[in-house]
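Asks: Mind having a look at this structure? Questions to follow.
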Amino acid sequence: MEQWRQCGRWLIDCKVLPPNHRVVWPSAVVFDLAQALRDGVLLCQLLHNLSPGSIDLKDINFRPQMSQFLCLKNIRTFLKVCHDKFGLRNSELFDPFDLFDVRDFGKVISAVSRLSLHSIAQNKGIRPFPSEETTENDDDVYRSLEELADEHDLGEDIYDCVPCEDGGDDIYEDIIKVEVQQPMIRYMQKMGMTEDDKRNCCLLEIQETEAKYYRTLEDIEKNYMSPLRLVLSPADMAAVFINLEDLIKVHHSFLRAIDVSVMVGGSTLAKVFLDFKERLLIYGEYCSHMEHAQNTLNQLLASREDFRQKVEECTLKVQDGKFKLQDLLVVPMQRVLKYHLLLKELLSHSAERPERQQLKEALEAMQDLAMYINEVKRDKETLRKISEFQSSIENLQVKLEEFGRPKIDGELKVRSIVNHTKQDRYLFLFDKVVIVCKRKGYSYELKEIIELLFHKMTDDPMNNKDVKKSHGKMWSYGFYLIHLQGKQGFQFFCKTEDMKRKWMEQFEMAMSNIKPDKANANHHSFQMYTFDKTTNCKACKMFLRGTFYQGYMCTKCGVGAHKECLEVIPPCKFTSPADLDASGAGPGPKMVAMQNYHGNPAPPGKPVLTFQTGDVLELLRGDPESPWWEGRLVQTRKSGYFPSSSVKPCPVDGRPPISRPPSREIDYTAYPWFAGNMERQQTDNLLKSHASGTYLIRERPAEAERFAISIKFNDEVKHIKVVEKDNWIHITEAKKFDSLLELVEYYQCHSLKESFKQLDTTLKYPYKSRERSASRASSRSPASCASYNFSFLSPQGLSFASQGPSAPFWSVFTPRVIGTAVARYNFAARDMRELSLREGDVVRIYSRIGGDQGWWKGETNGRIGWFPSTYVEEEGIQ
């Protein structure tokens, strides 16, 4: 038997792969095993299974999706533990790219074989490999795997469940249904049951399971929380039990309301669920912190004998020790995701009931709640990934979460339109920007932040050719990112045509998120937005889900909406003059731009109108005392708000002036960094009480150079002269700008050490808005730990990655139709893995794996992807 097949069987014996994984199929090829291991998740699981506690689960990215960064981090984590904990030498291991790019899969097999021969593995009683002579020619077996890797995605689906979720359901059934199963079975076995009988049966199940659930919560509080307060710090208590006390209070009231409703026939039960929808939102916090709770609990059990003994003592008091604390903490998440299923069953037996319509509304409310909770969990995981990106990029002075959700990352070659040199770069694509970096070992040096709002993407068909050199393929598949106002653009080159297609698709999706087609429907001006409080969509009334950039907000009237609902939102109540042109409103006076304006600073709560020096605008609205005016570009007809100080009246003939106005003619008083006339000593006194990175631009009227930058850095205030010469402005000859504004915007993102080696800081905090910036930062701090699905580890600590016999999540399989459904609502995909729906679309369902997380996989209109299961109605199911 080939060595790679023996490796696959050994991984099955270690409970890393399921028994019927494709690697044991007669048709299997070595790439099937390579594909299963490429993201590093299963290798990390292997170490955990061999030696629980040897690997810190917080270091594993269980769903790396399309991220090369996260896959390589997993592989490096595996290699480090192999070296540090299992004693393997570096020469016995492999380079991360040997696996990720499948450059040398033979080395990977060899390293896994050495693990199988380790005493830790031997003590498990698992037969090592190779256990027999192999006759394969390694070079032949592993040849061309790197090309296959270029052509195939890692086969992980972000919405797939993990196998232990079934185990979680088993625990839930044991704990919650243990008392009602037999009565229910006897009830259902009666002959001639009417619909009312079945309805009463459903009511009984809702009532009794809720009562049992509430008793379970009380058991946790009485038998675990109270005793453990004596041995745990408040911080550890909060980490393990999260907001369980709040859940208990809510369910005390919820159970009483259910009891009252069922006692009078259940006709008001729908209203009970509708009334409690908002209060049940606290499950978002509970579910999203479950991973951290489980990890904290496991670490405390492993490190503190007094705590372990106390927990064992507490366990014996709860149902005779049948369930561990780890089991019980799972139950709340399972329970809240069951409510819509219970109501769906009740609705199916309430066809003739007068409260049927309200039951439908209650069902939709609980489906919406389940989706909200799942999206909060998903966003917590996303924020954790963003945090890892953040910590790995040097010179990055902005919070990556401000740029939306990550789409894809990886290595491309980049060439700017100005600089024609093709350079190796690592790209992180987000909804709003693409971060261009240079790789430095395991970290990255920031080179450029490209804002997608000001760019468009075009194909480069001239470079679509497969050119090979003696040492491999050239990166010859290209596309462009072109600046909308004619500034510097970029050309990107991919290794394969398939890689180019994926990158272009992700760019298109990101751009559609930040600039939706219907953003200005019905005179609104919608922008992607993070809502501080739970908000309902103005159109469909359902939650805007998640924890950041949950949807879109109109900058005029402030209403929120899903992406798919933008076109059906009622007309904006604050219609601007630009929207009334059709009704005969004439254009205002023409103005000419005295400087470039790229949206920084941004008008508070208003859409931005960007322009360049010399552009002509029509003034639509402008109070002489206001720092912000509304206008419209004559050439493009785009409208929005801009600093009133950046324009001046156009000459009578309507033509803009030829030359760029000098900085002395521009009024910068509207900007939070401009201090006006200020002496050096006065500046020192002003800035010394501020945080490092706080800066201002001041005028030096008595000096040859009019402006100076003053910035606090490492407890000192530094001063930099701004030179104006030959119609350019700069602080170093190497980097020149059109205006002071452009110079400031550049050094807000790029370190001053480019010009002054000892000054490694950007222009962080404008001195006028320092307090406001600090307030915003504190209200938007990223989560310290985001949630992957905690059920990767079952309560017994068994395998957390096998997907089950039908369809492992890492495998590539031919879709099989298992049902059809009709879309009840519109749904706009935010990601290339998602499937957009229009109301009435017929969807062929390929997989319900992921249903507990709210997502199914299917096909409609020629596209395959994941969609919210609550947005469709299965045909044949009432």
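Yeah, the Cβs are placed from backbone N, Cα and C, and that goes for glycine too.
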Asks: Give the range, chosen from 23-72, 73-122, 323-372, 523-572, that Swiss-Prot lists as zinc finger.
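Replies: Matching range for zinc finger: 523-572.
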Asks: Can you check which of Y172, Y213, Y444 Swiss-Prot annotates as phosphotyrosine?
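Replies: Among Y172, Y213, Y444, the residue Swiss-Prot annotates as phosphotyrosine is Y172.
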Asks: According to Swiss-Prot, one residue among S576, S781 carries the annotation phosphoserine; which one is it?
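Replies: Checked Swiss-Prot: the phosphoserine annotation sits on S576.
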Asks: Pick from Y142, Y767: which one does Swiss-Prot list as phosphotyrosine?
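Replies: Record annotation (Swiss-Prot, phosphotyrosine): Y142.
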Asks: Tell me the residue counts in helix, strand and coil for the domain 'SH3 2' (816-877), as DSSP assigns them.
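Replies: Residue counts in helix, strand and coil order: 6 helix, 29 strand, 27 coil.
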Asks: Tell me if the domain 'DH' (198-376) touches the domain 'PH' (405-512). I count contact as 3 or more CB pairs below 8 A, with pairs 6 or more residues apart.
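Replies: Contact between the domain 'DH' (198-376) and the domain 'PH' (405-512): absent, because fewer than 3 Cβ pairs are under 8 Å.
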Asks: Take a look at 1-120, 586-652, 673-767, 816-877 and tell me which one has the most Cβ pairs under 8 Å to the domain 'DH' (198-376).
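Replies: Of the candidates 1-120, 586-652, 673-767, 816-877, 816-877 scores highest.
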Asks: Fill in the CA-CA distance, Y172 (phosphotyrosine) to S626 (phosphoserine), as an integer in Å.
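Replies: Per the Cα atoms, Y172 (phosphotyrosine) and S626 (phosphoserine) stand 61 Å apart.
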Asks: Residues with Cβ closer than 8 Å to the Cβ of S626 (phosphoserine), same chain and 6+ apart in sequence?
Replies: S644
